[in-house]
Amino acid sequence: MAETTTAATEERQFVAHFSQEQHMLPPEEIPQNSRNKELGGTLRGLTARDFDLIRTLGTGTFARVWLVRLANPAEEDRDKVFALKVLRKVEVIKLKQVDHVNHERSVLADVAGHPFITTLITSFSDHDSLYMLLDYCPGGEVFSYLRKAKRFDENTARFYAAEIVLILEFLHEREGVAYRDMKPENLLLDAEGHIKLVDFGFAKRLGNRETYTLCGTPEYLAPEVIQSKGHTTAVDWWALGILIYEFLTGYPPFWHSNPIEIYKQIVTKPISFPQEPPVMSSAAKDIIRQFCTVDRSRRLGNISGGAARVKEHPFFRGVIWEDVYYRKYRGPIIPPLRYPGDAQNFDLYPDEKEEENHTQMNLRQNGMTALRDLLINAYQKYSKNGKAFRMKGPLGSQWALPTSVFAQAGKMGTEDLDPYEANEDFLLLRPFISHESEDMVPFVISKLTRTIPELIPLLLSETSIAFEQNFAPEIGKEKDNEGWTHTCLYQHVNVSLAKIVSRVLCGEKYSSDKVWVDNVATFARGVFFSGMLLRRLPRWSHQWVAPWMGTKRQVEVIEEMVAEDVRDLISGGTRAKDYERGVVLPMLVEDVRGKKRFEGKGEAEVQWGVENRVCRFFFATVDTTTLTFAHVLYDVIGHRKEIFVGPMRREIRDTYERFGGVWNRESLGELKSLDAFMRESQRLHPLGYTLGSRKVARREGLDFISKSVDGEEVIHIPYGERVEELAWAIHQDSEHYEDPEVFRGFRTRHESIAASNPSERFMSFGYGRHSCPGRFVALTIEKIMLIEFLMNYDWKEIDRLKDWSFGWNNIPDMASKVHIRRLSEEEMEELWK
């Protein structure tokens with residue numbers, strides 16, 4: 001027993017101090033070094049109980065990598081952290097990955113000590129899992145920095161390419177190993193900004209043999225892998241060429257949403273280079289072409305001379321290779337780090353469920369924790385304790401700020417936190433609508449919001465017509481003998497809003513034109529899905545793909561149909577007084593004329609600016625309000641009428657009578673039950689689980705002062721990073737709301753906070769200076785629509801329809817049908833008594 005304890009203690013000492021006894025050795029001495037031979041071996045006395053889990057660094061099909069520290073460490077070892085790769089035996093066997101796992105451990109053990117390859121310190125196992133303990137690379141993936149920078153300059157690309165050349169030279173010529181999965185995600189940065197190659201799951205010792213296994217990532221596969229001709233270490237040189245191309249442009253040369261199409265391009269299509277600046281140097285183009293030669297007998301790195309010929313290429317002119325190997329050059333990107341175990345450069349992952357005995361760390365795979373639960377858990381763990389955290393979202397990494405810094409963020413302008421780039425990353429409107437019209441905030445706040453009293457009569461009139469035509473028309477194939485229409489509400493809300501907003505924006509001429517209304521409705525609901533499709537393609541391709549999409553044609557139809565009236569307003573042929581009072585188009589023309597961008601410009605350019613804004617106005621108003629109001633209707637239909645509908649109908653009737661049968665801003669403002677109901681719907685059904693997306697616009701990044709459990713703390717968010725508000729988690733906070741998961745329609749009925757007023761506990765409209773500027777107009781439209789529905793329609797109660805999730809978006813059911821009917825005149829008269 002004493003001998004076992006002593007052995008375990010020695011093994012822990014070996015783990016704790018392995019880095020102190022490592023020295024930079026020439027490549028030829030690495031395999032023979034006695035200390036390196038100890039690295040990568042199996043330690044029989046080490047168990048999972050010897051480590052404390054800190055957080056997940058990454059996940060795979062059958063493995064998870066944890067940031068860990070030694071359990072109960074000596075004082076001098078408290079700051080030492082490691083990466084622990086946990087592989088589930090059952091999954092490894094089931095997925096027939098035993099050989100790959102064995103190759104990975106064997107190769108990593110043999111190459112331990114190379115300056116640019118992750119170090120396998122040791123490995124061990126228990127009944128359920130295999131464990132590989134690796135050195136921790138706190139800088140995160142090179143891919144994250146490339147995505148943030150969009151592209152690297154040639155010096156940066158050359159620096160990383162040179163380190164990769166030395167890795168491949170060592171693997172190929174000294175170890176006979178083909179890596180076979182070179183890509184930015186497998187390149188991590190250490191604290192000093194140097195590369196560490198990780199994930200050797202596809203690595204294989206080939207020597208002079210060929211192998212036929214199809215493995216790797218589609219964009220980086222060499223042609224001979226795809227064609228199953230048998231491949232050698234030459235595949236890694238091809239991948240390096242693709243990697244250099246991606247470093248310099250921001251995207252790989254071969255890309256398609258369908259991997260089969262990628263394979264076709266790789267085999268048949270020569271590499272082409274972008275013409276837009278910055279133009280790639282001739283040396284860079286040449287080395288990429290030589291690496292990405294289909295004939296591998298002519299491929300640089302695989303021809304006579306091997307890696308030595310690569311080093312002699314003009315692209316690497318001036319590089320002192322010995323200085324590269326011994327890390328004498330300063331890394332071009334130094335990761336932001338606050339302490340040795342800082343993991344801010346890694347995305348946040350949901351933790352797996354663990355066995356009851358946490359120290360056993362026998363992890364079992366039960367799938368990812370539901371996104372909403374993940375956000376709530378992270379909110380409780382980090383946000384409420386004054387901590388920011390980084391997570392993996394649909395657009396890559398994003399930061400969730402703690403509520404303690406909302407007040408600071410809320411005061412910052414667009415020069416600090418940019419909404420336009422953040423929204424464009426998500427919506428991808430620019431391929432269809434010019435970015436020139438993005439900043440409509442001053443117009444909406446200073447002009448449109450002030451005209452709400454004049455908009456109300458138009459909204460009342462058009463809402464009644466739109467609902468009667470769309471919700472339950474007198475004649476319709478979906479109508480049964482009892483007068484019930486079985487229909488999808490979402491579609492009717494969409495078309496009705498296209499009609500209502502057309503009346504307000506352009507006038508009755510447009511709202512009564514079915515072709516116009518249908519086109520606007522299709523455009524508004526289609527832009528979101530067009531953006532989803534484009535996001536799957538590289539940015540450079542959008543200009544070629546977008547013109548072939550239906551959304552582009554819908555924009556053209558809007559511009560063509562409104563062009564004549566816009567020209568007449570610009571030339572003075574018609575004036576604002578010629579339009580119905582409250583119509584926005586004349587005001588929009590004047591607003592464009594008054595912008596510096598259009599000072600001294602001709603009528604054609606002003607017309608272009610107006611038409612741009614018309615399209616953007618339709619998208620922002622019709623699309624968002626359709627989603628929000630559909631949620632509201634589903635909450636109306638999904639609850640018993642006596643609970644919420646009865647009180648709301650009485651309030652509508654009493655308020656209308658009290659104000660002499662007039663709906664205006666004042667009387668609508670008295671409908672507190674409707675305000676509370678809509679607010680509760682938006683609380684439980686926000687359009688996104690995170691909202692208020694902004695990008696850090698200052699080159700030096702932004703610092704927030706947070707009050708945490710540890711006192712004041714500086715949170716630094718680097719330039720270009722995205723920040724989000726955890727709307728869903730905040731709305732589910734039991735400190736803010738009693739029984740937060742329950743829909744209580746009148747929860748805020750007696751609160752003095754207006755329904756349109758964002759706060760630290762209600763985030764559906766954003767926060768502070770970043771609140772939605774159009775929320776006053778949108779809520780007015782929704783309230784009038786809700787009045788029309790409650791007082792003129794009946795429905796069959798159903799269970800509340802489930803929301804749909806697209807990524808992190810929370811949208812109403814777009815397909816399910818409900819039974820509704822228009823009330824008879826007698827029923828309406830009775831309702832108003």
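Cβ atoms here come from the backbone N, Cα and C positions, even for glycine.
All annotation found in TrEMBL is predicted automatically rather than curated by experts.
What TrEMBL says about this protein:
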type	residues	note
BINDING	Lys85	ATP binding site
BINDING	Cys772	heme binding site
DOMAIN	51-316	domain 'Protein kinase'
DOMAIN	317-380	domain 'AGC-kinase C-terminal'
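Following the DSSP three-state reduction, the secondary structure of Cys772 (heme binding site) is coil.
When pLDDT values are averaged over the domain 'AGC-kinase C-terminal' (317-380), the model yields 70.
For the binding-site residues given as Lys85, Cys772, the lowest number of other CB atoms within 10 Å of the residue's CB is seen at Cys772. A distance of 44 Å separates the Cα atom of Lys85 (ATP binding site) from that of Cys772 (heme binding site).
Taken residue by residue with DSSP, the residue listed as 'ATP binding site' is part of a strand.
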